[in-house]
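S.K.: Structure in structure tokens, see below.
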């Protein structure tokens, strides 16, 4: 007696993809950020971020349904930003997640530079178009920064930051977090130069 074939099975639904938009540093900026991280680590301890993970987040989308990936990639590739420079000149911290970061002068104290103001504009422009494609919402307060240390003692930061970093950027990227426990990122799209 012939065996009965198994009924066809639908493919399991694809898992969501964790996405964010970021400025991605060139090799020279990565080296300088590494020196900043080493200096902060001497005071704060914690875990220094790997060089291949250093970035400045413009917008965090979080877990994204797979069917939104292609439209987000296409829209990202059609976008263009004006080149600019952001000056990273100080250490800062997020005490609750125990993160130490490098960032521009503090806008809350009226010290923001033109580069930080331009990033704020790019952040708003990004979310203006993302809202039409993705349900995520922007953070209520955008604070441009590059995470240098995790699991750090944030009660006392280094007294003085190293010389400022003039980070010239000409694009932002759409990045996927690789969900295998490695903490790695994969760039999936870039704006036009």
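FYI, residue positions are counted from 1 along the chain as it appears here.
The backbone N, Cα and C atoms fix where each Cβ goes, and this holds for glycine too.
Those TrEMBL annotations? Automatic predictions, nothing curated.
Annotation comment: TrEMBL describes 55 as active site, proton donor. The active site, proton acceptor feature in TrEMBL is assigned to 145. Under the heading domain 'Phosphoesterase HXTX', TrEMBL lists 26-101. As annotated by TrEMBL, motif 'HXTX 1' applies to 55-58. As annotated by TrEMBL, motif 'HXTX 2' applies to 145-148.
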S.K.: Distance between residue 145 (active site, proton acceptor) and the residue listed as 'active site, proton donor' at the Cα atoms, whole Å?
M.R.: 8
S.K.: Quickly jot the same-chain residues contacting the motif 'HXTX 2' (145-148) by Cβ under 8 Å, restricted to those at least six beyond its ends, or write none.
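M.R.: Long-range Cβ neighbours of the motif 'HXTX 2' (145-148): 25, 33, 36-37, 40, 48-49, 54-57, 88, 91-92, 99-103.
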S.K.: Taking helix as H, G and I and strand as E and B in DSSP, count the residues of the motif 'HXTX 2' (145-148) in helix, strand and coil.
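M.R.: DSSP composition of the motif 'HXTX 2' (145-148): 0 helix, 3 strand, 1 coil.
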S.K.: Per DSSP, what is the residue count of the motif 'HXTX 1' (55-58) in each of helix, strand and coil?
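M.R.: With helix first, then strand, then coil, the motif 'HXTX 1' (55-58) has 0 helix, 3 strand, 1 coil.
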